[in-house]
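If you check Swiss-Prot, you get these features:
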type	residues	note
BINDING	17, 18, 19, 64, 89, 105, 215	shikimate binding site
ACT_SITE	68	active site, proton acceptor
BINDING	80, 130, 131, 132, 133, 134, 154, 155, 156, 157, 158, 159, 213, 237	NADP(+) binding site
């Protein structure tokens with residue numbers, strides 16, 4: 001059995017995950033060796049897979065689709081962020097043997113926007129497209145940055161209204177949207193199949209940044225749509241991915257990685 005600190009990402013599917021490469025770069029910055037693996041848990045077998053991992057020397061884990069809600073249920077303790085998000089993407093085994101769950105997605109998004117792209121969230125008007133778990137997970141941290149206004153919209157308006165009530169933000173039907181948004185964040189899953197949110201091109205006319213929470217080819221349709229209709233800057237979610245990973249790494253090891261060189265490294269792969 002390895003004596004190196006062991007970490008893993010759990011998902012299904014998970015073979016595509018870039019987390020091992022990212023965390024390897026963080027370990028190089030810290031000057032340590034770690035082991036980081038991908039674990040594809042069976043649907044219905046997540047809890048057992050996590051239990052086995054920690055019982056055999058695991059120190060910390062990332063959790064991706066479709067297990068973030070199960071990870072929340074599995075955790076013995078939760079951070080305030082995780083409680084607000086209702087989902088967990090980071091697990092750490094505490095010295096007392098309990099599992100603590102955290103959610104670093106919002107930190108990853110906010111740090112990419114404010115620190116890497118140097119765009120302030122404070123006093124800005126933000127539009128969130130989508131009302132699923134990905135969007136819910138980032139709202140608490142966005143609110144901490146004190147934007148002037150957060151508007152949420154979704155194909156099924158009732159879901160947007162539900163999150164609006166939960167977090168004290170505004171819900172507006174997609175058909176009623178027009179311009180006036182500084183930052184537009186796409187958290188819908190349509191890009192994975194090339195589909196665009198059913199919004200007017202007019203929403204981008206005042207847009208400083210259009211951001212897709214997914215990365216790579218899946219983000220291209222939305223980003224091209226935004227840029228061609230007036231968005232000053234567009235970005236996929238690679239920086240969010242690296243940023244949330246860095247926050248997880250800090251929770252596990254107390255070391256804060258510099259995300260900028262890792263983002264550039266991942267772009268070059």
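Just so it is clear, glycine is given a Cβ too, placed from its N, Cα and C backbone atoms.
Mapped onto this structure are the features recorded in Swiss-Prot.
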{"residue": "17", "record": "shikimate binding site", "Cβ contacts under 8 Å, 6 or more apart": "9, 11, 38, 64"}
{"residue": "18", "record": "shikimate binding site", "Cβ contacts under 8 Å, 6 or more apart": "241, 266, 269"}
{"residue": "68", "record": "active site, proton acceptor", "Cβ contacts under 8 Å, 6 or more apart": "87, 88, 89, 103, 133, 137"}
{"residue": "80", "record": "NADP(+) binding site", "Cβ contacts under 8 Å, 6 or more apart": "140"}
{"residue": "131", "record": "NADP(+) binding site", "Cβ contacts under 8 Å, 6 or more apart": "152, 154, 156, 159, 160, 162, 163"}
{"residue": "158", "record": "NADP(+) binding site", "Cβ contacts under 8 Å, 6 or more apart": "none"}
{"residue": "213", "record": "NADP(+) binding site", "Cβ contacts under 8 Å, 6 or more apart": "109, 134, 138, 185, 186, 187, 237, 240"}
Return the residue, from the listed binding-site residues 19, 64, 89, 154, 156, with the maximum count of other C-beta atoms within 10 angstroms of its C-beta.
89
In three-state DSSP terms, the structure that residue 64 (shikimate binding site) belongs to
coil
Excluding its own, the Cβ atoms lying within 10 Å of the Cβ of residue 133 (NADP(+) binding site) add up to 17
What is the set of residues, excluding 17, 18, 19, 64, 89, 105, 215, whose C-beta falls within 8 angstroms of the centroid of the C-beta atoms at the shikimate site?
9, 11, 62, 241, 244, 245
Which same-chain residues, if any, lie at least 6 apart from residue 215 (shikimate binding site) yet have Cβ under 8 Å of it:
236, 237, 238, 240, 241
Hey, what's the Cβ neighbour count for residue 105 (shikimate binding site) at 10 Å?
28
